[in-house]
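Feature annotations, reproduced from Swiss-Prot:
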type: ACT_SITE; residues: 106; note: active site, O-(5'-phospho-DNA)-tyrosine intermediate
type: BINDING; residues: 207, 259; note: Mg(2+) binding site
type: DOMAIN; residues: 12-160; note: domain 'Topo IIA-type catalytic'
């Protein structure tokens, strides 16, 4: 790629990542020059080494580390994979390339053929499946404290955003209020986006892309001065980071709207406190003060303090019976430390008692105007959300 076409922020990010990779991995050469076994100490990416920081409301990686030595037969292949992947990423950085995680898998996949002193031939693949190379990339992230986005490694775009906002991406200014019926796809390197100007009072993140499209076409974000985002299901890293930046840098409150079921709750928790599998990223990806707007169990059934939004007839029409997997997942979530607040325990208890769930679309079935101009704004105004 011509350097003239590369933005200044891209060049700076590329240089920073390349310098960091070089500084970290050159230590292996120093160990060899000192006649020491080349060894890496990498933080463990395990459930047992994941902690919930009650004060910061984040899932974080603990302090346990594993030693990966080239001379340890149990670790030598993983050592080789780590060094190989780091070299491929480094080459891409210094050559102005933007590889995808799939590209990296193919670039590194080959067979290593060796002969022992007796002439016997051995053949070993660098990796067989992409999940192997993906895991190695994660190891490099925790080893270097560089996220793959920092290393300009691309992934498929998933999240979308629309609103009264201008951003700079590369050398272009993009107006997110002029997307027609479409929306801006959140790029896989959201830290390279500059916020130019914005006219909004809050961020609404919607789990379902279909509901996002309905709210967009209804003009919800225009009427209520909102930045409207969809994660299109489980959020990818880019969407989580983009939402975090909107909250942290622009001080916009964040509200999450999901289905009323355990999977919707978990999507909310991933946005708010991070995920167990990627706890090492939570400090940069999670939004600890994000609020669960709904759809809540009390929205459906009400309680002693609140009337339901659905009538008895509407409940019969829209409610879905929870499956065994839903019950099991709810029971698991109930025991997570970050769900042990009074409000969340109340929410989960209603679900387990009623054994019922509801999709966001049910609220739209009462009428799109009800969802966009009554349900959502009423809940925000009355602070009817769970934290």
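Note: Cβ is positioned from N, Cα and C throughout, glycine not excepted.
Residue counts of the domain 'Topo IIA-type catalytic' (12-160) by helix, strand and coil are 67 helix, 31 strand, 51 coil (DSSP-based).
In the three-state DSSP scheme, residue 207 (Mg(2+) binding site) is classed as coil.
In the predicted model, residues of the domain 'Topo IIA-type catalytic' (12-160) average a pLDDT of 87. Under the DSSP three-state reduction, residue 259 (Mg(2+) binding site) is assigned to coil, being neither helix nor strand.
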